[in-house]
């Protein structure tokens, strides 16, 4: 991603080889291209961008050599920095004494395709051009001991996987992508620059220090721009900084759509009315954006940049560059390398001498290249005059440190002393331990690779300053563990002011709802019920836990209170009063029937079986108390079992009477045979059989899945409703469906029976009793299914009481009326005649 001097273009007049054709012809060719390969005891590979702008890369249809169009002077200087460091080490008496380091440096053209070919060459078995395929690479000896470079993160993400497989140390002098910090994927990758994570932290602190809270961020559409912008957006959320616009600009400026994209970007920046723009981009796309901004007359802004473009020649070569406003940014702290500029000057003098060049070609050709050359023929046509402006400001220290880190690791791996180093074979992977654990010193400074295999030398904050018409990079601060800014030295070319933000401060319990185009324009919206505003996240309402609730616009949640039918509620008191009345009425009816058990009306109604039915109705009445108070699993099960058994005991007595009436009225010929089984003492067998069947169904219900307690958190706003939940609908249906079947049989047996006028009709009472039962159940199901409150328990109690009163009122109360008020009808002759007339009437 970010590089300390990434992709700096060679711009006119000194970055393009040959300012003019005549000058290029007049310049005597040198042998500079032969200076990048030397034999030695241990070879260090180098990957440097000598060139840029690859030719016909998109139209490449065959795997031919990738060629670059233009010389990239920065890359040449970095490569010379590696050569200088190795020559310096070879002449040292304290570092690797008696050991000669060789080097093999190749061009990457800033392209992964170009970097792959030399990378594969580095992996070949030493002395051959083939890569050995073996099961165990522990004793494998590749061509190089370590690799320096490449510069860009895009290239390192490709090459690092290759070198990490062989555990060959690779030290980059410019790749800063945070992805490369993953030691699991890239265990042998190191870098002598900080990662983008540190750079982004510095930029965010700078924004916060000045109170700039309404900004735009733009990145180049590549690994550097996308990665840095992603890290920035992730970090900026921890501060009160609003990103009004975020976008990517193209890196391929030859694309016809690139101009349109740049124009749209500038227009969108203008619409946001931001004064601060953070730009993560390489030199080329950054230049294109700034030139587009100038041509479109964009008002002056504060541009915050990185060394990927800050140290390029944009400021000196772009027309009317001062109109963009203020440019601030961070560059890596780097000390000058003593003796390097003199070394380069001497080298450029030497490469013009025939004797030196002849010796260089001999040394160059001593190393087998497999047909792959350095590919820097343009280097032979460049002079010291051409590179002097870049040489004076180019930062060589990261390359210098990278080479020395490998040399110090090799020094320790060989066990060198001041007297010399033993001649031994060292595998590449053996250097990793020493690179991970030891501190090394370069020019009096100590360095050590951290846990992510990087070095954090810190950053300098610089300002583009045009004082008295002269352009300079003015240091105005630095960042290591904290940010220091010398504000007195910063002279803004724009008004240093905060732009009014399009939002208002939200009240407690409110969140921000983005509106319109800008990400930081928002309305305040109340958090709805059962959610609350969390100070950790101001953009969303946090849902309460299931057992909690909250009102609208709340900042916390509250525990729900339990809700069920309490004993002290007015509605409960009313229901208990009605239950008491119904129970008393049932008991009085039972007492009256017991005292008149031998009378014709009681015998015609079922005799002593009536006492069982009335007792069951009394118990059913009392069971309504099971629905009051806090429910439990056992209580839920008891409710259903008691209801089913009580109702079955009552219905079974009606079944015996209904079958008796059916035999007398519908099947008189079969009556003498079957009538004894449904009358007198044998009728109790029918009752017992019905109760036994219901008991078996209740047992199945208990076995398959009885009702249990369920906490309903959705029905009530601030309470948890405790309800009995049906777990097995099959068992529930069998248990209650059996009673419904008895009711249907009794109803069908009696509803068609006619009787002479003004005569006692036993069948009619049964018909109306079960008609009431059906009506009550229809209403109960319809109401119960729609209720989600404690009224469900009220409905169940009401159903029990209405059913009890319905049976009493339609079947038993008329008989009480005869016993108490019409004793003259309570005679054997009346009931016998009535039954006889019914039989005769039905037979006709």
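For all residues, glycine too, the Cβ spot is worked out from N, Cα and C.
Cross-referencing 793-813, 814-834 with TrEMBL places the feature transmembrane segment at 793-813. Within the chain carrying the transmembrane segment (571-594), a Cβ under 8 angstroms from the stretch's Cβ atoms is held by residues 565, 602, 610-611, 614-615, 617-618, 621-622, 624-625, 628, 794, 797-798, 801, 804-805, 808, 812-813, 815-816, 819-820, all 6 or more beyond its ends. Across the residues of the domain 'G-protein coupled receptors family 3 profile' (571-835), the predicted structure has a mean pLDDT of 85. Here the transmembrane segment (793-813) does not lie next to the transmembrane segment (683-704) in space: the count of CB pairs under 8 Å, restricted to residues six or more apart, is fewer than 3. Only residues 6 or more beyond the boundaries of the transmembrane segment (610-629), in the same chain, are considered here, and those with a CB under 8 A from a CB of the stretch are 564-567, 572, 575-576, 579, 582-583, 586-587, 589-590, 593-594, 597, 602, 635, 638-639, 642-643, 645-647, 649-650, 653-654, 687, 793, 796-797, 800-801, 803-804, 807-808, 812.
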